[in-house]
Amino acid sequence: MCYQTSKKKRRSRKRRAQEEKEKMGKGVVSEKVKLVVALITLQFCFAGFHIVSRVALNIGVSKVVYPVYRNLLALLLIGPFAYFFEKKERPPLTISLLAQFFFLALIGITANQGFYLLGLYYATPTFASAMQNSVPAITFIMACALRLEHIDLVRKHGVAKVLGTLVSIGGATVITLYRGFPIFDQGLNMQKEEVVGSDNSHSLTLGWLYLMGHCLSWAGWMVLQAPVLKQYPAKLTLTSFTCFFGLIQFLVIALFVETDLNNWIIVSWEELFTILYAGIIASGLVVYLQTWCIYKSGPVFVAVFQPLQTLLVAAMAFLILGDQLYSGGIVGAVFIMLGLYLVLWGKNEERKLALEESQQDPESLTKHLLEAQHKKSNSESEV
């Protein structure tokens, strides 16, 4: 009777353990799906921002007024949510934290957005997006230097992450450097204003320099944001402070650069749309999504989705700006998808390994050894 009861208990415990394992597995899959969907959405929003920003420059929106309105809208959008939703989880503010927020805004808002607009003025959206594909490599180097990312080249998952990053960057580079033959006729060309900037080599060099500054500041912002989030995990509040300090910094610049009050007046629906998109989507939704993704997966995993954006920008530029689509874009897209698959596989294997290692609890192992030793001593005493 006692034997049957203990057997039933063992079966019950085994069943409960199996159910908990299944629930945990479903939760992990759900988190992965949410993360991947968020990152893909992020790239769609960024791709749209490339096109919208180019339209804004074409119709004459000031390169200083544009980011001021953008960050003001983002602050007005995110600030109330941060105040009401993060009251309980918001840690107390310190001078050190405020200084870190100011520095993050200087890198991630002021330098990042300023260099981007200057670079886009001299280059095309596709070229600007392709330049941004250096961000994963820069982020990877910075994260490794600060010991925020560990790559084990002895194991398969480490090699897959490195190889996938390189393949993705290579695919995006192919889109830029190899044109190939045209696939479709000219796009819709919905934006008919004359394109600003110039196509000469001097202008392209300036565009390259400004966009490289943009990539360096963006990568630095993603890497430095990770340790700040550990100290201050209230993501909405952190985003609000970053937008606030970025707005202040751009206003100071505007006092010296943009003195003509006419440039601050919105005169067309096109200008209004570009500013609303930049503020609500690019600085509001996108910044929060990116902050959440960095918190969930780390800066390198977020940056590795960047090459997908170049494919989206090329398609949008074809449909909206009338840019021609070439076979090089298709070839590059294949490499991008292959690279993303390699990184996702490597990250998945790394998580599996970490989960297996965490299940080997040293305390339970010690307890098991002590019990075995106790049983051994009891048997010896009985003898």
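The backbone N, Cα and C atoms fix where each Cβ goes, and this holds for glycine too.
As recorded in Swiss-Prot:
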COMPBIAS  1-16  compositional bias 'Basic residues'
DOMAIN    44-173  domain 'EamA 1'
DOMAIN    216-344  domain 'EamA 2'
REGION    1-23  region 'Disordered'
TRANSMEM  33-53  transmembrane segment
TRANSMEM  65-85  transmembrane segment
TRANSMEM  91-111  transmembrane segment
TRANSMEM  126-146  transmembrane segment
TRANSMEM  158-178  transmembrane segment
TRANSMEM  204-224  transmembrane segment
TRANSMEM  237-257  transmembrane segment
TRANSMEM  272-292  transmembrane segment
TRANSMEM  300-320  transmembrane segment
TRANSMEM  325-345  transmembrane segment
Discussion item. Counting a contact as 3 or more Cβ pairs under 8 Å, with residues at least 6 apart in sequence, do the transmembrane segment (91-111) and the transmembrane segment (158-178) touch?
Written reply: no
Discussion item. I'd like to know the mean pLDDT over the domain 'EamA 1' (44-173).
Written reply: 86
Discussion item. How about long-range neighbours of the transmembrane segment (65-85): same chain, 6 or more residues beyond its ends, C-beta under 8 Å?
Written reply: 53, 56, 109, 113-114, 117, 234, 236-237, 239-240, 243-244, 246-247, 250-251, 254, 258, 263-264, 274-276, 278-280, 282-284, 287-288
Practice prompt. Could you name the stretch, out of 158-178, 204-224, 272-292, 300-320, 325-345, with the greatest number of CB pairs under 8 A to the transmembrane segment (237-257)?
Written response: 272-292
Practice prompt. Taking the transmembrane segment (33-53) as the first stretch and the transmembrane segment (204-224) as the second, find out whether 3 or more Cβ pairs fall under 8 Å, excluding pairs closer than 6 in sequence.
Written response: no
Worksheet entry | Tertiary contacts of the transmembrane segment (325-345) (same chain, 6+ residues out, Cβ under 8 Å) | 36, 157, 160-161, 163-175, 177-184, 187, 301, 304-305, 307-308, 310-311, 314-315, 318
Worksheet item: List, by number or range, the same-chain residues at least 6 past the transmembrane segment (204-224) whose CB is under 8 A from its CB atoms?
Response: 103-104, 107-108, 111-112, 115-116, 118-123, 127-128, 131-132, 134-135, 138-139, 142-143, 146, 148, 197, 290, 294, 299, 302-303
